[in-house]
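Reading through the structure tokens given below for one structure.
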């Protein structure tokens, strides 16, 4: 992968890391056992690699008195506990328990499993052998048992900001102990994959096209026993190993599960403390002459790159050095190549990158052997923030598994019992929300900020196409192009029911006023009513046309559906008898919204007109007024709190405020340079917010049209914008995969949520202001408590 690594100069641990990196799990750890002088490897660890072992310096997510090693902490130490931190897991992610390098061919498992399939490894007794053919002179294997579990920090921007602010203190702290570490020697661990027992091997020699055999014995409770032979010659013992080899078998230090994979079952108790892979961030600062640029320097602080002014190329004069064997560094790590790419292709004063960035960049192709060449061929863009920090633009997928098979529904252990409260866990019933502590303490205050928001990944198998809250904020529902609906309990952030009944995309959802029913509309020409209490289908309505949107009237007396052919279908909710079909619209009805006082309804869609309806006279089939003036489709609309005005968004690039009684245009806003997709009124009616494909949100005076401020920060089209019911916040969702929370008073960004891996299409505040929910093309729903903001 890194072309400076020649196989003849690599140690076994380098070959092992190099040959398994393409699997996407990060840096492979040659010796997974916890260091006897420290605790097991955890997310938040800052440390370095030595001979394939990760050594901890300190843990950035723990207070000074709870450090895993006895070194202490750096000066001016501030723990990493930002609000809104996304920590996922633990979850089973590697479903294939026999991993091997791409140089291995024709793998045959004696039990009859096919190559690449999850290996049927006995957990307590028995053994297996694997025959293979070498496709090259180097290769590597990993076998583990009984399962592996991963935890990940998903909030990239939080990590980058923390590293930028603290990295120089880390280096000084390492120097204090005479470690003499260079920039890229230090790792910040953002993900761990752990198991109970393992066996691994790495080989190098004249092995191409030769046959080999691996024999693994699982009868040892202490670990896996392994032997490897190629061409009937056994590999030297330095080339393979099994473990655990030095575990202190104390259940008070590590999470314990039985060999059967569940707690309190009969069998051998086995801590899940053997760290076989880490995901990580690294840093490299730009060097000009003999001066290292400080992490906080911005582009304007950089000296000129003109050689005549005495500056030096940051890569040509890299201080990383080389050893006698010609290697450019002490261990294999392609992230160093990404750091060089960032510095060479930007004016960044400091580059920060992760192994996950590389996996995201090359997700649509086989991971390259020559990372540098592949980067220059791909030419990913480099983002430069206000501090001069350079990172690559990459959409990281935290849901990736090694096979398409579903994991067993087994007990999922926390990362450690010694300090497990630091990371809220996702158990069999879904993610849990960390409530406010009942007693004081600085530690608990930091824990309250570290909440695992949102649903487990891959809840839906397709894009989230519909999202709604119940009127009391107790429930939420999500619909998807995979035809399913998830009903959520908002206070606990748990999925209650998965509803299956439609045979096409679920386009819209609406709760009845009394929360008894959830109505779903679909392209399959059906509206289904579901009982909220038990998730069962109550009845089906058959309008005979594909449905794009459904809504209950505020008084709960009617259910209204907007169809793809432009018709409005109305049912009374007493017995769900169809009352009327209104055919004023000529094209798809994409929205139905009601005034807060329940008097009026607005409908619109792919035509340029918006209709205002008086709900008392709706049965007559004639609108109260027609809003005419847009020169493109009307994308969305929102009423003012008193119902006397309404704001509309159009792809003609404008937003307009109208008088609902007469349809008169009161204010025309031309604030954007592209189509306007979404609009919202503030709770006091004094302002309107609009979101556009130009990636900005504009907030204007709803009476004068004067711009109050522009919310800039998204990198792509704004799909949704909303004021919180209390008026404190504005939320925006965008196609850059993020949700942003803004201070409605001054327009400052309060938080950026980057846990989605694809376009975020919808964002909604709960009616009670307690949570913020979003849905994305990645199939996930995230429900975020706002108590920590």
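Numbering starts at 1 and runs along the chain as it is shown here.
Just so you know, glycine gets a Cβ as well, placed from its N, Cα and C.
Note that this is a predicted model, so its numbers are computed, not measured.
Residues or ranges marked as compositional bias 'Acidic residues' by TrEMBL: 306-323. Marked as region 'Disordered' by TrEMBL: 298-329, 400-444. As annotated by TrEMBL, repeat 'WD' applies to 457-498, 499-540, 547-581, 582-617, 627-668, 669-710, 711-752, 753-789.
Look at the repeat 'WD' (627-668): DSSP puts its residues at 0 helix, 22 strand, 20 coil.
Taken residue by residue, the repeat 'WD' (499-540) breaks down under DSSP into 0 helix, 23 strand, 19 coil.
As a quick check, the repeat 'WD' (753-789) and the repeat 'WD' (457-498) clear the bar of 3 or more Cβ pairs under 8 A, pairs 6 or more apart, so the two touch. Counting residues of the repeat 'WD' (457-498) by DSSP class, helix then strand then coil, yields 0 helix, 23 strand, 19 coil. Counting residues 6+ beyond its ends, the repeat 'WD' (499-540) has Cβ neighbours under 8 Å at 462, 465-472, 474-475, 477-481, 483-487, 546-552, 554-556, 559, 561, 564, 573, 576 in the same chain. Counting only same-chain residues 6+ beyond the ends of the repeat 'WD' (582-617), those with a CB under 8 A from a CB of the stretch are 548-551, 553-555, 558, 560, 562-568, 570, 623-628, 630-639, 641-643, 646, 648, 650, 652, 660, 663. DSSP places the residues of the repeat 'WD' (582-617) in helix, strand and coil in these numbers: 3 helix, 18 strand, 15 coil. Long-range Cβ contacts of the repeat 'WD' (669-710) within its own chain (Cβ-Cβ under 8 Å, at least 6 residues beyond either end) map to 632, 635-642, 645, 647-657, 716-727, 730, 732, 734, 736, 742, 744, 746-747. Over the repeat 'WD' (499-540), the average per-residue pLDDT in this prediction is 95. For the repeat 'WD' (669-710), residue counts in helix, strand and coil come to 0 helix, 22 strand, 20 coil, using DSSP.
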